[in-house]
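Below: the structure, in structure tokens.
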Amino acid sequence: MNRQFTQNSSQPERQQLRRELLAARKQLSAAEREQAAGAIEERVLALAELQQPCSIGSYYSVRAELPTHALNQELQHHGHQLALPVLHPIVHHHLLMLHIDEHSEWRHNDYGIPEPKLQCQRVVPLQQLNLLLVPLVGFDAQGNRMGMGGGFYDRTLAGWRAGLYPNLQPVGLAYDCQFVERLPSEAWDVPLPRVITPTKVWDFRG
Ligand SMILES: Nc1nc2c(c(=O)[nH]1)N(C=O)[C@@H](CNc1ccc(C(=O)N[C@@H](CCC(=O)O)C(=O)O)cc1)CN2
Ligand SMILES: Nc1ncnc2c1ncn2[C@@H]1O[C@H](COP(=O)(O)OP(=O)(O)OP(=O)(O)O)[C@@H](O)[C@H]1O
């Protein structure tokens with residue numbers, strides 16, 4: 001896919017592009033997904049930041065998303081602390097990151113995504129995370145990202161852009177088919193500094 005979009009495009013146009021990108025992702029076979037997940041796992045584990053024990057925010061992949069289950073397990077086996085997103089019960093459209101381990105209890109959130117049950121002592125402040133693996137629906141040649149449309153990661157990344165989490169490195173994970181030359185960009189969109197696909201580590205930091 002190689003299309004040009006104007007800045008501040010309309011919401012219907014954004015929605016249409018989101019649908020197209022979701023459809024492209026859905027067409028991948030089980031074997032292609034597995035292969036992509038394996039290639040990405042290797043690239044993530046090779047990141048310079050992960051050569052010492054880290055605190056990592058990941059996500060629990062669902063449906064046609066880039067699978068993260070094996071990667072999440074591998075990260076734990078390598079001695080990293082793992083946290084997963086929980087929808088904030090009070091502050092609408094915000095995320096909390098919760099430390100998970102073999103004692104974690106699980107529930108399904110409003111989107112049908114498994115998340116650890118909220119226990120305040122397990123909340124990992126974003127200031128304490130070193131790496132945040134970010135799910136996405138599409139990304140472009142500038143690192144702009146499009147997600148599921150809830151603005152959850154936009155809000156999380158807004159704090160990062162403002163310098164609130166100096167030790168945090170966001171990294172998007174994506175299939176190659178999620179790349180578009182240019183995404184419509186909105187004021188609240190925070191470009192990702194890096195995106196990892198099965199074939200490439202995109203580094204937008206200049
Ligand atoms: N695995 C995973 N966990 C995640 C996210 C994600 O993208 N992936 N999120 C990232 O923000 C947050 C949850 N945000 C979400 C926002 C919307 C929908 C969703 O399914 N919305 C529509 C369908 C959209 C469509 O098909 O066009 C729905 O409710 O049916 C899912 C998750 C936190 N956890
Ligand atoms: N930092 C922010 N503060 C307030 N509202 C925001 C912020 N970021 C995004 N939003 C709101 O969230 C809504 C969803 O934004 P958008 O469609 O870009 O989500 P997305 O990036 O696809 O989703 P997600 O970040 O959950 O993956 C927008 O209507 C926008 O107004």
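Note that Cβ sites are derived from N, Cα and C of the backbone, with glycine treated the same way.
Curation plays no part in TrEMBL annotations; they are all automatic predictions.
Model, not experiment: these values are computed from the prediction.
The Cβ of Arg14 (ATP binding site) lies under 8 Å from the Cβ of Met146, Pro184, each of these being in the same chain and 6 or more residues away along the sequence. The ATP binding site feature in TrEMBL is assigned to Arg14, Gln15, Gln16, Leu17, Arg18, Arg145, Met146, Gly147, Met148, Gly149, Gly150, Gly151, Phe152, Tyr153.
Look at TrEMBL and you will find Glu65 tagged as substrate binding site. DSSP classifies Glu65 (substrate binding site) as coil under the three-state reduction.
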Between the two most separated Cα atoms in Arg14, Gln15, Gln16, Leu17, Arg18, Arg145, Met146, Gly147, Met148, Gly149, Gly150, Gly151, Phe152, Tyr153, the residues recorded as binding ATP, what distance in Å do you get?
20
